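Below is one structure, written out as structure tokens, with a few remarks after it.
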Amino acid sequence: MNTLGCFLRLTTFGESHGDMIGGVLDGMPSGIKIDYALLENEMKRRQGGRNVFITPRKEDDKVEITSGVFEDFSTGTPIGFLIHNQRARSKDYDNIKNLFRPSHADFTYFHKYGIRDFRGGGRSSARESAIRVAAGAFAKMLLREIGIVCESGIIEIGGIEAKNYDFNHALKSEIFALDKEQEEAQKTAIQNAIKNHDSIGGVALIRARSVKRNQKLPIGLGQGLYAKLDAKIAEAMMGLNGVKAVEIGKGVESSLLKGSEYNDLMDQKGFLSNRSGGVLGGMSNGEEIIVRVHFKPTPSIFQPQQTIDINNHECECLLKGRHDPCIAIRGSVVCESLLSLVLADMVLLNLTSKIEYLKTIYNEN
């Protein structure tokens, strides 16, 4: 499937080395002011070629809006948008056109569809994630209207873990590091991987909070059973290239605790802790939503590796091209966009949860 969302639905199309990639975002309400500066900034955050820690491939990533916007406001109809691919180098893949790159999707895509699109991974390339970032920018415009903001950064690279989380620092950091004190060690780990023609894994932290620090998030976003908020968040994150695990709140650590250690106690002002990561029973509880996303090392490394070709013959694979040494870095921006899309979707879906909401809409005139 190529569509994400229940009410606010994003459908994407295109390949890494095709003429363009694009998306259709259906379900956006009318009357939302389109913030072109925000859209451009989001695309630049994900953009390659900015420093030595990410891919050298630098696309312009100019978003061309083709529908759903009139005089700088959303019209309520599907928002269509395109991003042209201008700096693809398909010749870098000529030597592996009949090979399966280890730990890439080449093998599974070929056996499922019978087509070997070797040009940068085709549809399975992380290039497609640029569309998710563009769509996430539109979702952020919606969330801003009701006081919700999403933020992200890197908390771990190669086992070097952040001790403190500073989202303002992450915005200025070359690797979106949340901890200034650990940043240099994390950078060194990436540089060592590059020197060894290797790659390295990492963990991104994404959170949603109220724009106003003294206010809570809306309570009740998400459904109790088959559209749980945490399930939809995990689904969106796991649909991103290279993601191998998603944690909400304490996540895996929860399985090591007793109930007396894990439970979030309450007083008249609210919760006294947030080990649940802002989600209870599949719905937001008003606290910050905390998500950790674990990325595997980039499978594209510049070392000789054993593999097979499309005829099942054993051979050696030696890659060329331009690749991220740590996909978690730019991946953190995509995860932030995905959380924005999921929350915007749940906000719109929540309008049907009480008859009072519908009466407010339809009886106001």
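Cβ atoms here come from the backbone N, Cα and C positions, even for glycine.
Keep in mind that what you see is a predicted model, and the values were worked out from it rather than measured.
Noted in Swiss-Prot for the protein shown:
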- Arg46: NADP(+) binding site (BINDING)
- Arg123, Ser124, Ser125, Asn241, Gly242, Gly281, Lys296, Pro297, Thr298, Pro299, Ser300, Arg322: FMN binding site (BINDING)
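The two recorded residues, Ser300 (FMN binding site) and the residue listed as 'NADP(+) binding site', show a Cα separation of 19 Å. Maximum intra-site Cα distance, FMN binding residues Arg123, Ser124, Ser125, Asn241, Gly242, Gly281, Lys296, Pro297, Thr298, Pro299, Ser300, Arg322: 43 Å. If you measure from the Cα atom of Gly242 (FMN binding site) to that of the residue listed as 'NADP(+) binding site', you get 15 Å. A C-beta separation below 8 Å, combined with a sequence spacing of at least six in one chain, links Ser125 (FMN binding site) to Glu15, Ser16, Asn241. Counting only the Cα atoms, the space from Thr298 (FMN binding site) to Arg46 (NADP(+) binding site) is about 16 angstrom.
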